[in-house]
Amino acid sequence: MMKNQFQLSLIILTFFILLELGVMGNVQQVKREQCHTVIPNKSGKCIFTECKSACEKLKKPVASLCLPPKTCRCYHFCS
């Protein structure tokens, strides 16, 4: 009986530790701020591949967005 209670307590403790680690990991990810850089689009048209390749030349892009007229917005994490 005592062994079963100890095992149950250990399982519950492990569960809460893992839950806390997951929550703390999510909080740290949320704290990372996103920045964006606006760069001119060479062709003057919204071509997704052109924006994507222009944004990839910047530091660690997360996403790229083509905005009319003639601009690309590159999203990345602030350093």
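Here the Cβ of each residue, glycine as well, is placed from N, Cα and C on the backbone.
The structure displayed is predicted, hence computed values, not measured ones.
Looking at the candidates C55, C66, C78, Swiss-Prot gives C55 as the cysteine bonded to C74 by a disulfide. Per Swiss-Prot, the disulphide partner of C51 among C35, C72 is C72. For C46, the disulfide partner recorded in Swiss-Prot among C66, C78 is C66.
With C78 (disulfide bond) as the anchor, the candidate disulfide-bonded residues are C46, C66, C72, and the one with the nearest CA is C72. C66 (disulfide bond) has its Cα within 10 Å of the Cα of these disulfide-bonded residues: C51, C74, taken from C35, C51, C74.
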